[in-house]
Every structure is written in C-alpha cells, then in structure tokens.
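Data first, discussion second: the structure below is written as structure tokens.
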Amino acid sequence: MGSQEVLGQAARLASSGLLMQVLFRLITFVLNAFILRFLSKEIVGVVNVRLTLLYSTTIFLAREAFRRACLSGGTQRDWSQTLNLVWLTVPLGVFWTLFLGWVWLQLLEVPDPDVIPHYRTGVVLFGLSAVVELLGEPFWVLAQAHMFIKLKVITESLSVILKSVLTAFLVLWVPHWGLYIFSLAQLFYTTVLVLCYVIYFTKLLGSPESAKQQTLPVSRITDLLPSITRSGAFVNWKEAKLTWSFFKQSFLKQILTEGERYVMTFLNILNFGDQGVYDIVNNLGSLVARLIFQPIEESFYIFFAKVLEREKDATLQKQEDVAVAASVLESLLKLALLAGLTITVFGFAYSQLALDIYGGAMLSSGSGPVLLRSYCLYVLLLAINGVTECFTFAAMSKEEVDRYNFTMLALSSSFLVLSCILTRWCGSVGFILANCFNMGIRITQSLFFIHRYYRESPYRPLAGLHLSPVLLGVFALSGGITGVSEVLLCCEQGWPARLAHVAVGAFCLGMTLGTACLTETKLVHFLSTQLGMSRLTDKMT
C-alpha cells in the first residue's frame, strides 16, 4: 500500500471520527449537564477522580503498550502471534485490578459512608469493568490496524450515550443508590463496548463475499482466540520486546497524564468537593481535545507508523514516503497550533459563561472560571504535543524509545513535586500549571527529535509552527475585543446581554477564521485535498 493511499485512509479515519464524535459528544454533553444538577460535588469527586482513576490506571497499564507495539509496522505479519500477544492484556488486567483494588480499599482514605455510601462495591465493579473491556482488545487492534473507519467511533460513542442514559434514569428514579448507580453504569458501558465489537466481527466474518472480510487475516471468529502458531512461537518476540519498551514508557506517561488525580488521591491535597469541581472543569476543558485532537493523533500515528520504518534514518528510507510524512507533519502542526490558539484566545472570555450554562452557580462561582481559563492555555500545548508525539513514537527505534523513558521518568518526578508545591501555593490551578510545564518539556523533546530526524534531508516540517504576523495580530485583536465584551456583558445582566456577548465572539471568530484561510493557504489546500480524498473513498466503498 503506497504512502498516498495510507494517507487517504488516515485522513478518512480522522475526518469520520471528528464528525461522528462531535455529534455523539453533543448528546452526551447534554445528558451529563442534566445529570450534574442532581449530584453533590462530593459524589462527583469520588466517582470522577477516585473510582475513574482506578479504572483508567488498570486499563492503561494493561493495554497501552500492547496497542502501540501491535499497531507498529504493516498488516503483513503473523497475526496469530500478534493476537496471542494482545490476549495477554487480560491476565495483566486481572493482576492490576486485584493489586490496585487492594490499594484503593486498604491504603486510601475511605469516604464517609453517610455522605457517599457503597464505596467498596464501587471499587469492585469499576475494577471488574476494566477487565471486561480488555476482553475486546484483540477486536480493537484488528480493527485499527485495518482502518475500519466508523466501527471504533460508533461503538465507543454508542456505549457512552447508553451509559449516560442509564445514569440519568437511575439518578432520577433511585437517587439513594449512590455509587451503585455509577458503578453499574460503568460496567454496562464496557459490556456494550465489547459486545459491539464481537457482534460486528461475527457478522463480518460470516459474510465471505464482503470486501472488508477478504482483507482480514482471519476467516472465522475463533481465529481471534489464542492459538499455537505454525512456527511454534506463541508470540512475535520482536513485538514482545517493543511492548516491554512501551510498557515502561506508558507507566510514566500515565503518571503525567493522570498525575493530578494521583496527587489528589494519595496526598489528600483537596477534599472530595474541590476534587469534583476540578474534575468537571478538567473534563469540560478537555472536551475539544478529545473531540478534535485525539482522533487526529490516533489516525495519523497509524499513518506515520506504516509509512516510516523504525531503525532507519530519513535519508535511508524511500524519499517519496519521507516527503509525504514531512508534508503531513507540517500541516498537522499548523492545524494544531491554529486550533489551540483559537481555543486559548476565545476560551479566556467565554469560560465563565460556559460553566454557568453547563453546571450553574456550582461551577461558575468560585475557582471554576479561573480553572477553565488556565485549561485553555493547556489545550494549546496538548494540541501541539499530540501531533509531535504521534510522529515521534511512530518513528523512534526501540533504543530511542528506551532512552526517552528516562526523560519521562524525570518528568514524572518533577510533575509530582511541582504539583504539590503549586497546589499549596495557588490551589487546584497549580495542577494545570504543573501540567503546562511538563507538556512544554515533552514538546521540546519531540521537536528536538523531529529536527534531528529531518536534519540531513531537504524537508523542514517544523515550519508548521510559524504563523503569519497578520493572523497573530487578528488573534490579539479578537482576544482584546472579547475580553472587553465579557466585562461589559457577562454574566450577571441577563440573557440578552449574554447573547450579545456570544454575538461579539461569533463575529471575532469569523474574522479570525477568514484571516486564517487567506494567510495559511497551504493548510487550506491540505485540508481540502484530504477531505476530498475522504469523500471519494467513501463513495468507492
């Protein structure tokens, strides 16, 4: 498969993921806003921080390294060995569930049962839901490696929506169930997720005439189960060694990703109520990152991993592939920078209004607006880091991945220390500031790698981080106008003033996007070309 064809598939995967996730996330957003009005800050803190951290840590440690290793390289491989390797996530998940469940029950502070009942049951069910989700991992890896465009998005979005509907129903009808509600909803979510994958592949493999079925390395659903391969080796040891390298890295990356939750959970810096407010703001602030940046990062990581060869310098690879990868990376960096700047500039003036609409006075008063404004700056760094790391991890050799692990270890340690210091100095905003610092270091590391990778070639993808001075001036002007508008019109003067504030923002946003289209013509051409390829591929399939 040529690099242009792989690029077309990656673009199609990203664009389809974006559109469908926006639709499904909007539905979930409305449901969650409704649910939030019936909950206390304390129960939100326990569910969204304490229990969700147990689930996410188990899932991340059990599967992240396997995903990255098994998606590296092309689809031409001994898939029996790859699937055998992926199935190891299940026993690994059981181990982490038992160990972390013991920590959560025996070593951490247990919430007051009069305020938050059924905590122990919640720990058990959240841990069980992680193991259930890992049962679907072989299906996920096979789908991602063969770029099944809509399966992942529909499956995950449908599961989230059904979970939110069930939660809303239980909150309204049996609010005294407490943590039972969220624990059952979480287990329901992972069960639906796995069943969707199983049902899809069962039907697909039962249709031999299907074009998609003919591209798969398996012909029966039982082929996805663990088996002894013809070569006698249970797993591909090269993939297994790469998995171990990624596992060490993923352990450190998890600390960086969820570091503030670990600090809140293990050091008790904030009470459960403050943890709840912080987590709501954090989820709201990261919504755009999950909607836009995550699909792009996941899709183009696959593109870079397939087009570029590990262990080889850029000058020793097929130059057509290297040129395409450089062009794509430059455009993605430009796109990430523009999207991040837009969120940062307009987020400052509309944070309080967004929180007031989403959660009422519980969020829009107190530290909520300051938290969300700080998070808008963090989103800019998240956008750039997502693109730079998806290229870096796809192009690094095993030895470079191992060396990068030492940097991640230093970052993890510094983050924990910095979080404690900044949180005691400026409250929960300190977590975001510590995240910004560490994200800046990670971006710097990736930029150095990209610079070295293309140093001997004529390509300069880092030019994507340069913006037109005219566009920067428009961003500054828009920030000033919307800032004045917030002072004059928001948020205590009623809905007419709020709507006027929104209208000012819409005008400034239109002016900014129009300027971007006129000044960043190369990016516009890239987006129109890839979207055109995506539509053409959709019609052909």
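Glycine is no exception: its Cβ is also placed from the backbone N, Cα and C atoms.
Source: prediction; values computed, not measured.
Features of the protein shown, as given by TrEMBL:
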type     : residues : note
TRANSMEM : 22-39    : transmembrane segment
TRANSMEM : 45-62    : transmembrane segment
TRANSMEM : 83-104   : transmembrane segment
TRANSMEM : 124-142  : transmembrane segment
TRANSMEM : 154-174  : transmembrane segment
TRANSMEM : 180-202  : transmembrane segment
TRANSMEM : 335-355  : transmembrane segment
TRANSMEM : 375-394  : transmembrane segment
TRANSMEM : 406-425  : transmembrane segment
TRANSMEM : 431-450  : transmembrane segment
TRANSMEM : 462-484  : transmembrane segment
TRANSMEM : 499-518  : transmembrane segment
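Spatially, the transmembrane segment (22-39) is not adjacent to the transmembrane segment (375-394); fewer than three Cβ-Cβ distances between them are under 8 Å for residues at least 6 apart in sequence. Here the transmembrane segment (431-450) does not touch the transmembrane segment (154-174). Their Cβ atoms form fewer than 3 pairs under 8 Å, with each pair 6 or more residues apart.
Comparison of 124-142, 335-355, 375-394 by number of C-beta pairs under 8 angstroms to the transmembrane segment (180-202) places 124-142 first. Sequence-remote contacts of a segment are chain residues at least 6 beyond its ends whose Cβ falls under 8 Å from one of its Cβ atoms, and for the transmembrane segment (462-484) they are 329-334, 337-338, 341-342, 345-346, 348-350, 384, 447, 450-451, 504-505, 508-509, 511-512, 515-516, 519-520. Long-range contacts of the transmembrane segment (45-62) within the same chain: residues 89-90, 92-93, 96-97, 100-101, 104, 108, 111, 116, 119, 122-123, 126-127, 129-131, 133-134, 179, 182-183, 186, 247, 250-251, 254, 257-258, 261-262, 264-265, 271-276, 278-280, 283, each at least 6 residues beyond the stretch ends and with a Cβ under 8 Å from a Cβ of the stretch.
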